[in-house]
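As recorded in TrEMBL:
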TRANSMEM  42-63  transmembrane segment
TRANSMEM  84-107  transmembrane segment
TRANSMEM  127-144  transmembrane segment
TRANSMEM  156-177  transmembrane segment
TRANSMEM  189-210  transmembrane segment
TRANSMEM  231-253  transmembrane segment
TRANSMEM  265-289  transmembrane segment
TRANSMEM  310-333  transmembrane segment
TRANSMEM  345-364  transmembrane segment
TRANSMEM  376-395  transmembrane segment
TRANSMEM  401-425  transmembrane segment
Amino acid sequence: MSPVRRQSKVMRLALPVMLGMLSQSMLNLVDAALVGHLGEEALAGVGLGGYAMFMMTALVFGLSSSVQSQTAHAFGEGRTSPTALQAGLLISLGVGVPLTAWAWWQAPWWIQLIAPADDVSQVAVDYFRWRVLSLAVIAMTLCLRGYWNGLQHTHLYLRIVVAVHLVNVLLSAGLIYGLAGLPALGTNGAAMGTSLSLLLGLLAWAWVTLRARITWQPLPLAALWQTVRLAFPHSLQQLWFAAGYVVLFWLLGRLGTSSVAVGHVLVNLSLLLILPGVGIGVAAMSLVGEALGRDDQREAHRWGLDALRVAAMMLSILALPMLLFPAQILGIFFTDPALLELGTLPLRITAVMIVLDAAALVLAQALMGAGAQRTVMLLTLGMQWLVFLPLAWWVGIVMGYGLVGVWLSQLCYRLLNSGSFLWVWQRRRWLAHGLKANA
């Protein structure tokens, strides 16, 4: 297969995931844009509550890559049984329901760890409690998404998540401001709208899966253990990655509420704009897993590099508006001139940062397709906790460079992180992991 055709196949699989992930990330940005008109404290509270929810979601996030990598590997061997999906759904309920109860009960303590002020803390607690009700729903959705992505039916994800996003906009706007006869609930309305839209998304996934007339089989204990074994490193990675953002916002809290509010928008924008790279990585995960299922190691290696080339091009295009029109982009979220001025240079730094992040975004997912979740976890967490966070504290707080210093530290971290992932990929030692799927 020629390089052009290979890259076209990457794009064919990745495009629905990219568009779907962009739409999914808009759930947080829509909340920020709608709530931003309620004031700085409301925006900061929603941001803190959202990151607390991000940490809870991290505990189940590894189920998606676990189910997808097993399904893709089995697909390469010519098998399409739903064993990994069944295991993932069972784990989702077993973990998600108790975690939801604990998080609701401990919400004040959880939020107080990261809230800079009492007024912001109460907004964040209320927002978080309504969002965390959807935790088990999110876990099951991740499993269903991973299963269908592993079978290379990525278009399903796009269709469902766009519908979820549209429902979220309508529900959140109505419940925040009391439109169309709905009660005006402010920030709580934003959380309720998001949770309800996610529930509708799960029902859509369930409908698609049941229509496929899948033959459900007795679940072997080995399949349950395999799913946990592959999910745990990725979930642990996401948890500590999310905890790193909590520490980041603690650092920003030392700089003032304005830095927290601006940082919330900058982080959500960066998480939005890197999602095309993550989406391409998800496609690479399926392609690498399928190639290894056919025992074609050379092709598995090539898929990672082909996906990286596509991602670098896409992220460069997406970064241009932030470099050229930072004030106009920030104006969507802020009306205060001081906040606009504070965020302009960090937004330009963010534009460069997302381009440098391409290799880490794509190759981390590709490595998980090969079953190297532990390698990805160690590299990602090591770079974040041993490089970025200490550097951000030293440059931003100790040396007094503020928000700009924190973002320059993040720029250096992203460059080093991507270089490390590229080095690991080229060494090819990940081929020895030999994922053995039960799906």
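We count from 1, first residue shown onward.
In case you wondered, yes, glycine gets a Cβ from its N, Cα and C as well.
Unlike curated entries, TrEMBL annotations are predicted automatically.
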In terms of Cβ proximity under 8 Å, which residues at least six beyond the ends of the transmembrane segment (127-144) contact it?
45-46, 49-50, 52-53, 56-57, 60-61, 63-64, 67, 85, 88-89, 91-93, 95-97, 99-100, 103-104, 107, 110-111, 187-188, 190-192, 194-195, 198-199, 201-202, 205-206, 208-209
The transmembrane segment (231-253) touching the transmembrane segment (42-63) per 3+ Cβ pairs under 8 Å rule:
yes
Return yes if the transmembrane segment (265-289) and the transmembrane segment (189-210) have at least 3 CB pairs under 8 Å (sequence gap of 6 or more), otherwise no.
no
As a test: from 189-210, 231-253, 310-333, 376-395, 401-425, pick the stretch that has the greatest number of Cβ pairs under 8 Å with the transmembrane segment (156-177).
189-210
With pairs 6 or more apart in sequence, are the transmembrane segment (376-395) and the transmembrane segment (231-253) linked by at least 3 Cβ pairs under 8 Å?
yes
